[in-house]
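Copied over from TrEMBL:
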DOMAIN    1-60  domain 'SH3'
REGION    89-199  region 'Disordered'
COMPBIAS  108-119  compositional bias 'Polar residues'
COMPBIAS  157-167  compositional bias 'Acidic residues'
COMPBIAS  189-199  compositional bias 'Polar residues'
DOMAIN    248-358  domain 'PX'
Amino acid sequence: QQARVMYDFAAEPGNNELTVNEGEIITITNPDVGGGWLEGRNSKGERGLVPTDYVEILPSDGKDPFSCGNSVADQAFLDSLSASTAQANSSAANSNSQVGSGNDPWSAWSSSKSGNWDSTGDWGAKPEGAAAQRNTSNNWDAAFGHPQAYQGPATAGDDDDWDEDWDDPKAAAPYFKDSESAEAGAAQRGNSRAGSSSMKLPLNKFPGFAKPGMEQYLLAKQLAKPKEKIPIIVGDYGPMWVYPTSTFDCVVADPRKGSKMYGLKSYIEYQLTPTNTNRSVNHRYKHFDWLYERLLVKFGSAIPIPSLPDKQVTGRFEEEFIKMRMERLQAWMTRMCRHPVVSESEVFQQFLNFRDEKEWKTGKRKAEKDELVGVMIFSTMEPEAPDLELPEIEQKCDAVGKFTKAMDDGVKELLTVGQEHWKRCTGPLPKEYQKIGKALQSLATVFSSSGYQGETDLNAAITEAGKTYEEIAGLVAEQPKKDLHFLMECNHEYKGFLGCFPDIIGAHKAAIEKVKESDKLVATSKITPQDKQNMVKRVGTMSYALQAEMNHFHSNRIYDYNSVIRLYLEQQVQFYETVSQ
């Protein structure tokens with residue numbers, strides 16, 4: 001049987017893999033080696049393993065119907081999504097001359113500078129995934145992928161498949177390599193999964209995540225009384241989530257290398273220890289990926305769930321990469337533990353507290369069957385507060401939109417400037433200091449050849465000054481790791497958060513529009529005045545949730561930036577003191 005290769009795949013030496021290129025036709029010699037791999041033979045007769053996701057099986061009549069192996073319904077859904085994505089992309093590109101606005105979740109509405117968001121008709125189409133284009137001028141983006149670019153298995157598959165793991169063949173830059181290779185890596189990652197879906201998630205798999213969920217929530221005569229309840233109370237700063245009496249963190253540690261399939265495939269396993277139980281569980285990267293996907297599907301309409309750090313950077317299991325990824329997984333887990341709704345949710349608790357394989361798989365299946373996802377999450381929320389009127393709801397929504405958009409711009413600017421500064425500090429700047437040092441030492445050497453008696457002290461001092469400049473070169477090159485690194489990481493994390501807001505605000509805008517249309521429906525007796533009142537009440541619940549989330553966001557932001565900028569300035573002061581000494 002033959003298959004067409006859909007994405008380039010570069011074999012890792014010594015791993016029995018086969019390098020294939022997009023468009024190539026290969027013969028399948030073993031359709032299921034296990035763990036998401038098949039064995040194939042190329043036209044030159046070379047054999048090896050290829051990821052199953054990377055190829056599409058051709059029908060036995062040999063015709064190549066350019067399809068992604070999805071069912072007809074899935075395909076229609078993805079087509080409609082990609083059409084709206086492409087449309088949003090072109091309109092964003094036409095109206096927005098900024099470089100690379102394609103990968104910016106805000107570009108759909110940054111075209112209308114007045115802060116009026118209604119310029120985009122279709123909020124479902126986030127114009128960022130269609131071709132996974134990357135902004136060349138921003139390597140930080142290229143290196144880390146887009147905050148909402150989901151980079152994991154599109155479907156969980158059966159449990160055997162689930163236990164397998166493989167690393168992405170192409171890689172992005174660990175910090176700042178040349179942008180082209182980083183871009184190729186990012187595009188490879190972006191394209192190699194869920195086709196054209198703008199959020200890199202097969203949305204059709206999740207009830208309530210697609211558009212119809214909104215009417216279901218707003219117009220249901222009686223919302224089922226869910227077992228879960230998420231209370232919202234009014235505190236000193238307005239609506240807020242209820243915080244648990246005791247908080248906990250989760251320590252991510254001890255990355256160990258494991259292997260499967262008789263040593264053919266290897267993976268990294270992390271140890272997670274919640275501080276409240278002190279009982280460790282082990283998880284592989286793809287399990288984090290699964291948790292991210294579940295949290296995004298369940299809470300993504302109400303709470304920003306930033307995506308995980310990238311799955312893979314150059315070469316498998318490079319020490320530096322594993323360390324960096326662990327640092328970022330740690331930051332991500334800490335964020336989730338800090339959130340009063342996410343940290344108390346069943347899926348998150350189960351991820352940290354399962355006792356054996358069986359319990360993990362049962363919990364996993366249960367989470368995947370959860371119906372309270374997408375906008376239906378709002379049906380679990382109970383604000384202990386008076387009902388809101390529509391104008392106030394709209395005003396609150398616009399205010400959040402304005403602030404998060406402006407902060408997104410500010411964060412990206414700091415990332416760009418920081419990245420340029422990093423390059424200067426680790427490249428040209430130390431070289432300048434070295435040149436000064438060498439020139440001074442050369443001058444001292446020339447002076448000492450004069451044979452004149454009284455200048456030994458001067459020449460020694462000039463030589464010493466030259467050596468000091470060479471030492472300063474080293475200090476300059478090392479400094480970013482001590483201060484800029486943390487500032488960049490904090491901003492990168494917030495860029496991830498802010499990239500989620502267009503979706504959240506999109507859901508709110510859509511709900512507000514529905515309420516505005518409801519007058520016509522009442523006039524034509526399609527719905528009763530009582531139905532309309534219910535709609536306003538439910539949109540009010542959404543508004544309270546947004547306000548509670550923003551209170552959480554702001555208090556974290558103030559704490560985080562206070563800490564990180566203080567650290568940055570203290571380290572800078574120390575640096576200049578060292579230089580002056």
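Here the Cβ of each residue, glycine as well, is placed from N, Cα and C on the backbone.
Keep in mind it's a predicted model, so treat the numbers as computed, not measured.
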Q: Mind tallying the domain 'PX' (248-358) by DSSP state, helix then strand then coil?
A: 50 helix, 26 strand, 35 coil
(Q) Mean pLDDT for the domain 'SH3' (1-60), rounded to an integer? (A) 85
Q) When DSSP states are grouped into helix, strand and coil, how many residues of the domain 'SH3' (1-60) land in each? A) 3 helix, 30 strand, 27 coil
